[in-house]
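Visitor: Dropping a structure here in C-alpha cells format, bear with me for questions.
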There are 2 protein chains.
Amino acid sequence: MKKSFIEVKENSHFPIQNLPYGVFCPKTSGTPRVGAAIGEFVLDLSVIEDAGLFNIPELQGKEIFNQPTLNAFMEMGRNVWSAVRKRMQTLLSEVEPTLRDNAALRKQAFYLQKEVEMLLPVDIGDYTDFYASKEHAMNVGMMFRGKENALMPNWLNLPVGYHGRASSIVVSGTDVRRPLGQMKPKESNNPTFGPSLRFDFELEMGWFIGPGNELGKPISVDEAENHIFGLALVNDWSARDIQAWEYQPLGPFLGKNFATSISPWIVPLEALEPFRTAGPKPEVEQLPYLQQSQKSSFDIQLEVHLKGEKMESPQRICESNFRHLYWSMAQQIAHHTVGGCNLRTGDLLASGTISGPTPEARGSLLELTWGGTEPLQMNNGEQRNWLEDGDELTLTAWCQGDGYRIGFGEVTGCVLPALEYSKA
Amino acid sequence: MKKSFIEVKENSHFPIQNLPYGVFCPKTSGTPRVGAAIGEFVLDLSVIEDAGLFNIPELQGKEIFNQPTLNAFMEMGRNVWSAVRKRMQTLLSEVEPTLRDNAALRKQAFYLQKEVEMLLPVDIGDYTDFYASKEHAMNVGMMFRGKENALMPNWLNLPVGYHGRASSIVVSGTDVRRPLGQMKPKESNNPTFGPSLRFDFELEMGWFIGPGNELGKPISVDEAENHIFGLALVNDWSARDIQAWEYQPLGPFLGKNFATSISPWIVPLEALEPFRTAGPKPEVEQLPYLQQSQKSSFDIQLEVHLKGEKMESPQRICESNFRHLYWSMAQQIAHHTVGGCNLRTGDLLASGTISGPTPEARGSLLELTWGGTEPLQMNNGEQRNWLEDGDELTLTAWCQGDGYRIGFGEVTGCVLPALEYSKA
C-alpha cells in the first residue's frame with residue numbers, strides 16, 4: 001500500500017490515496033490558494049506549482065493553483081486531474097526525496113490544517129438539488145400522502161430535481177441563522193410570521209461539474225462521469241413549516257434558500273474508484289437515455305452527529321450510505337442536460353437527502369422523528385423533534401478501505417437564534 | 001420636453017428620457033463594452049469615461065464602462081446611477097455643445113444599433129422566477145384544478161416564486177432549440193421520450209439587482225426599490241408537456257431550464273418614475289413585511305408577436321400590462337430575503353407570466369389557446385395551439401408618455417427543431 005512520508009493515522013480521512021482539494025488561507029497572513037489534504041496537513045499546491053514540480057504540459061506557464069477558487073483547475077478535465085493527482089502521490093510518497101528531503105521547500109509547502117482557514121472552494125454558478133433516495137421520497141410521501149400514494153407517479157421514471165439557491169451556499173463552520181418566514185399552523189385559518197419552528201438538516205452529497213456542456217448539447221449517461229470533478233458533503237438546511245406552506249405549486253423556495261453548507265474538501269472521483277458498486281436495481285424499465293452500462297454508485301458511509309449546547313459530546317443520530325441512492329450521479333447529469341440545459345464549470349449538483357432502509361438511516365429530522373411526533377432521545381436526557389438554537393450539526397463520510405479511509409472530513413454548522421423582527 | 005441633438009422619432013423606444021444600458025460589441029471589431037441606447041444609436045460609455053466627461057467622484061480612476069458586463073456599475077448603487085443618468089442627459093441634450101460640437105468625439109462615441117452586436121448585459125448569479133400575476137395563476141389553476149380550486153391557498157398571502165436556471169439565460173436573437181424530454185401522454189401508462197409537443201412562451205418582465213444584501217439580513221419592502229438597477233423583458237420558454245410530468249412535488253425543472261431569453265437593454269427604474277401607478281388592491285390582509293406605503297407598480301404596455309415561417313409579417317397575439325401584477329417588485333424582493341436569503345449584484349428576478357383581465361391579455365399560449373383546445377387563428381390561415389419549428393416569437397414593451405415612449409426594445413427568438421435522438 002502506498003505510504004506518504006507525512007504521518008497519516010489509520011482513521012485519518014486524508015491518506016495519500018485520497019488527496020482531496022480545497023481552498024485555504026493561512027490564519028497568519030496570505031491570500032487564498034488551492035491545497036490538498038494529507039494527514040493533518042495541507043499541501044499548498046501553489047508552492048508546488050511555483051517550484052515547477054508538476055511537470056505537466058497543460059499546466060506550463062499557467063497559475064492554476066494560486067487562485068481563490070478551484071474553477072480554473074476544474075475546467076481542465078479528467079486527464080489533467082489525473083496527471084496532477086499522480087504527481088502529488090509521487091511527490092508525497094515515502095520513497096521520493098524531492099519534497100521529503102528538501103526542508104526549505106517542505107516548510108513552505110505544508111501547513112497544519114488547524115493553522116489555516118478553509119474557504120468556499122468553488123465559484124458555484126448554479127446549484128441543483130435532486131430527490132434521488134427512494135427511501136427518503138417514500139418516508140416524506142407516507143407522511144404527506146399516506147402509504148398508498150407515497151411515491152409520485154413520475155418518481156421511478158426520472159430523477160426528480162429542482163434548482164436551488166447558489167448565493168447562500170456556505171462553507172463548513174459557518175453559523176446558520178434560524179429563518180423567519182410565513183407558515184400556516186393547522187389550527188389557524190391565516191398564515192403567521194415568525195421563526196421557523198421545524199428547523200431541519202438534510203444529509204446529502206454533492207458533486208461539482210468540471211468541464212460543462214454547450215447549451216443545447218446533452219451529456220449522455222455514459223459520458224456523464226467525465227464531467228464530475230469530485231464530491232463533497234452537503235447539508236441542505238430546511239425550514240419544514242415555511243416549506244410546507246409555500247411549496248405548492250412551484251417547489252421549495254424560502255424553506256431552503258437561507259443556507260446550504262458544504263464541506264471544504266472535494267474528493268476526486270478517481271479516489272473513489274476502489275469503492276465503486278452497483279446501486280439499487282431499477283424497479284421499472286428506464287428510458288434509454290437513463291440506462292447505464294456500468295456500476296455507478298459508491299460505497300460511502302455517512303453519519304450525522306448532533307451536539308446541543310448542554311451536551312458534553314456530539315451524539316450520532318443517523319448512519320446511512322451513498323449506495324442507497326436509487327438514481328446515480330451519471331443518471332442525474334444525463335437527465336439534467338437531456339433537454340439542452342447547459343452545466344458550467346463549478347456547478348453543484350446534490351443528491352437530496354440520502355436515507356436508507358433502516359430507521360437509523362433516515363437522513364433528516366423530518367424522517368427521524370416522523371414529522372416531529374417521535375422525538376429523538378439525547379444522551380443528556382434532552383429530546384429533539386427539530387433543531388434548537390445552539391445545536392451544532394455535523395455530517396461526515398468516508399469509504400472504508402483495507403487499513404485506510406477515503407474521507408470527506410465534515411460539514412458542520414451551528415444554529416443561531418432567529419433575528420428579532422419588528423414588522424410582524 | 002428634453003430633446004437630444006440625436007434625432008429620435010416619436011415612436012422610438014429610446015428617447016433622451018429613457019437611456020437604457022446594454023453591453024455591445026461593434027460588428028467590425030473591438031471588445032464588449034457598456035453603452036446606452038439613444039434613438040437608432042448606441043452611445044459608447046467607455047468612450048465618455050475615457051474622455052473624462054462624467055465628472056462623477058465615484059467614477060474617478062475606475063474603468064466602470066470598459067467592461068464586458070454591467071455588474072461593476074450596478075453595484076455602485078442608486079446615487080451613482082442617478083448621477084450618470086443626469087450627466088448622460090446633459091451630454092446628449094440639444095443645447096449642450098460638449099459632445100454635439102465635437103465631431104471627432106462623436107464619431108468615436110456613437111454607433112448605429114444595427115452595426116453592433118448586443119450581448120448578455122449582466123453576469124447573472126441567481127435567477128428567480130415568481131408567479132405574481134393573479135390572472136395567470138387563475139387561468140392555469142382553472143385548467144388544472146377547476147374554477148373552485150384555481151388559486152392555491154397560499155397565493156394571496158405570499159408571492160410564490162422558485163429558483164430558475166441562470167446558465168441558460170440568453171440574449172434576444174438567440175435561437176432556441178425545442179427540447180427533448182420525458183412526458184406522459186394521458187392515454188399511456190408509461191412516459192415517452194421525444195421533442196416537446198407543447199412548446200410555449202411566457203410574457204414576463206425581469207429586474208436586476210444592484211447592491212445586494214448580506215446573508216441573514218433581509219431587505220424591507222420600503223427599501224427594496226433601492227436595490228433595483230433596472231428592468232428588461234423576459235421570455236421564459238416552457239415545454240408544457242415536460243413540465244406537467246416532472247413538476248410534482250419540487251416544481252418546474254427541465255420544462256423551463258433549456259432557455260430563458262432577455263432583452264438586451266435594461267431600462268433604469270428612474271426612467272419609469274412618470275409611469276408609477278398603484279397595483280391591484282390586496283384582497284386579503286397582508287402580513288406586515290409585505291405591506292407597502294407607496295404606489296409600487298408601473299404602467300408598462302406589453303405585446304407579443306408571432307411570425308411563422310410561412311407568414312409574411314408578425315401577428316400580435318397578446319396585449320397585456322405590467323400594472324396587472326398582483327405582487328409588486330418590492331414585495332417580491334422583501335419576500336425573497338425575509339428568511340435571510342442574500343441577493344447579489346446581477347441577480348435576475350422575474351415576474352412570471354403577466355396576464356391581464358381580458359382574453360387577449362393572456363401571456364402564454366397555454367392560456368391563449370386554453371391548454372391547446374382553442375387554436376389561435378393566424379393571418380395566413382394557419383392555426384397555432386403551440387409554437388412550431390421556425391416560429392419567431394417577439395415580446396415588446398413601452399410606457400406611453402406625452403409625445404415620447406420609454407421603451408424596452410424587444411426580446412426575440414426563433415424555434416429550432418429538436419435534436420435527432422438515437423437513444424429513445
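The backbone N, Cα and C atoms fix where each Cβ goes, glycine too.
So TrEMBL lists these for the protein:
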ACT_SITE  A:His136  active site, proton acceptor
BINDING   A:Asp129, A:Glu202, A:Glu204, A:Asp236  Ca(2+) binding site
BINDING   A:Tyr131, A:Arg145, A:Gln243, A:Tyr247, A:Thr353  substrate binding site
BINDING   A:Asp236, A:Lys256, A:Thr260  Mg(2+) binding site
DOMAIN    A:17-121  domain 'Fumarylacetoacetase N-terminal'
DOMAIN    A:127-414  domain 'Fumarylacetoacetase-like C-terminal'
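Looking at the shown structure, what environment does each listed feature sit in?
Guide: Packing around A:His136 (active site, proton acceptor) is summarised by its Cβ count: 29 other Cβ atoms lie within 10 angstroms of its Cβ, all protein chains included. A:His136 (active site, proton acceptor) carries a helical DSSP state (H, G or I).
Sequence-distant contacts (6 or more apart, same chain, Cβ under 8 Å) of A:Glu204 (Ca(2+) binding site) comprise A:Asp129, A:Leu233, A:Val234, A:Asn235, A:Asp236, A:Ala350, A:Ser351, A:Gly352, A:Thr353, A:Ile354, A:Gly363.
Using a 10 Å Cβ-Cβ cutoff, A:Thr353 (substrate binding site) registers 29 neighbours.
The C-beta environment of A:Thr260 (Mg(2+) binding site), restricted to residues of the same chain at least 6 apart in sequence and closer than 8 Å, consists of A:Tyr127, A:Gly164, A:Arg165, A:Ser168, A:Ile169, A:Val170, A:Val234, A:Asn235, A:Asp236, A:Trp237.
The domain 'Fumarylacetoacetase N-terminal' (A:17-121) scores a mean pLDDT of 97 in the predicted structure.
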Visitor: Can you tell which of the recorded positions A:His136, A:Arg145, A:Tyr247 lies nearest to A:Lys256 (Mg(2+) binding site) in space, using Cα positions?
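Guide: Result: the closest of the recorded positions to A:Lys256 (Mg(2+) binding site) is A:Tyr247.
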Visitor: Around the Cβ of A:Asp236 (Ca(2+) binding site), how many other Cβ atoms lie within 10 Å? Please give the count over every shown protein chain.
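Guide: Summing over all protein chains shown, A:Asp236 (Ca(2+) binding site) has 26 other Cβ atoms within 10 Å.
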Visitor: Taking CB atoms only, which of the binding-site residues A:Glu202, A:Glu204, A:Gln243 fall under 8 A from chain B?
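Guide: It is none; no candidate comes close enough.
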Visitor: Suppose the Ca(2+) site is A:Asp129, A:Glu202, A:Glu204, A:Asp236. Which further residues of the same chain have a Cβ inside 8 angstroms of that site's Cβ centroid?
Guide: A:Gly164, A:Leu203, A:Val234, A:Asn235, A:Ser238, A:Lys256, A:Thr260, A:Ala350, A:Ser351, A:Gly352, A:Thr353
Visitor: By the count of other Cβ atoms within 10 Å, pick out the sparsest of the binding-site residues A:Arg145, A:Lys256.
Guide: A:Arg145
Visitor: Do you know offhand how many angstrom separate A:His136 (active site, proton acceptor) and A:Tyr247 (substrate binding site) by C-alpha?
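Guide: It is 18 Å, counting Cα to Cα.
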Visitor: When the Cα of A:Glu202 (Ca(2+) binding site) is compared with the Cα of each of the binding-site residues A:Tyr131, A:Arg145, A:Tyr247, which one is closest?
Guide: A:Tyr131
Visitor: Is A:Glu202 (Ca(2+) binding site) helix, strand or coil when read with DSSP?
Guide: coil
